[in-house]
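Peer 1: So TrEMBL has the following annotated:
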- 29-292: domain 'DUS-like FMN-binding' (DOMAIN)
- Pro31, Met32, Val33, Gln85, His184, Ala238, Arg239: FMN binding site (BINDING)
- Cys114: active site, proton donor (ACT_SITE)
Amino acid sequence: MIGDIGETKECHLKDPMDLFHSGQVVKICAPMVRYSKLAFRTLVRKYNCDLCYTPMIVAADFVRSAKARDSEFTTNKGDHPLIVQFAAKEAQVLCDAARIICPYANGIDLNCGCPQRWAISEGYGACLINKPELVKDMVRHVRSQIDNPKFSVSVKIRIHEDLKRTVDLCQKAEAAGVSWITVHGRSIEERHQPVHYDAIKIIKQSMSIPIVANGDIKTLKDAENVHHLTEADGIMVARGLLANPAMFAGYEETPFQCIQDWVDIALEHGTPFACFHHHLMYMMERITSKQEKKVFNVLSSTSAVLDYLNDHYGV
């Protein structure tokens, strides 16, 4: 029986598979373009997030260019456990990227869920759910070429209209040695339609590896409900954590301490202004009036933001 999702573990387990076998639901920060970078991961880890993903990185660029590696990936000692998500369509390229990242992260994740047109036209992301043999081949290659048995290889997928195809994809990935699978409970075409949690439950019941549920989880209560609906071993959250990075610690809205923590962490990491400001806009969405938003959202420098926070909130 999985324990209550709101409970905090006694110690921070550094191996993701230990987390999945801990008897607790694993609380996960999703890969988010531009947003799930080191500073934000540092913040959510302070508020009961167990496992963090980097934003998606195109494996071919990462392998080819030192400049891409420097700009796309930063980490530090406290940034664990960490999963680096790659977009890839060739097994050897994914292996090469995994080999570079292996000393600095706990595992890689293959993106088979991104529905954006550019990704699909390049052969990345969600189009891979229609290529189960290729996904199987990529997982198997990484498994055979990375010496560290604790280095995880996971995949993140969307579902097919015909769920039998999704179950087949998952079972092929499992046979190839995938560590766990994250299921976003929508098809490639679906954007804001309700999430098919029943589909995630069917996938969970068809597999013997951990399954992570993803899609429309905005509060800790939502996370608990989705866990009960799907029986998933982990819950992955994207926009819910952007709006409230303290969500996994049980806060209904972003507490002022969390805003203070973000300011401290972002300044310490030298976070670019646009990113620093955007995160605050998300965090303060529910706690500011329309009038306040009009003023805050057009501030154009770090010093202006700091003055505003100090004057209005004592932050």
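Placement of Cβ uses the backbone N, Cα and C atoms for every residue, glycine included.
I'm curious about the neighbourhood of these features; can you describe it?
Peer 2: The average per-residue pLDDT of the prediction over the domain 'DUS-like FMN-binding' (29-292) is 97, rounded to a whole number.
Residues within less than 8 Å, Cβ to Cβ, of Val33 (FMN binding site) and separated from it by at least 6 positions along the same chain comprise Pro55, Met56.
Sequence-distant neighbours of Cys114 (active site, proton donor): residues of the same chain at least 6 apart with a C-beta under 8 Å from its C-beta are Met56, Ala87, Ile120, Tyr124, Gly125, Ala126.
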Peer 1: What number of additional C-beta atoms lies within 10 angstroms of the C-beta atom of Ala238 (FMN binding site)?
Peer 2: 22
Peer 1: What number of additional C-beta atoms lies within 10 angstroms of the C-beta atom of Met32 (FMN binding site)?
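Peer 2: Summing over all protein chains shown, Met32 (FMN binding site) has 19 other Cβ atoms within 10 Å.
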Peer 1: Per 10 Å Cβ neighbour count, which of the binding-site residues His184, Arg239 ranks highest?
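Peer 2: The residue with the most neighbouring Cβ atoms within 10 Å is His184.
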Peer 1: Under 8 Å Cβ-Cβ from Pro31 (FMN binding site), six or more apart in the same chain: what's there?
Peer 2: Tyr53, Thr54, Pro55, Met56, Ile83, Gln85, Asp109, Asn111, Lys156
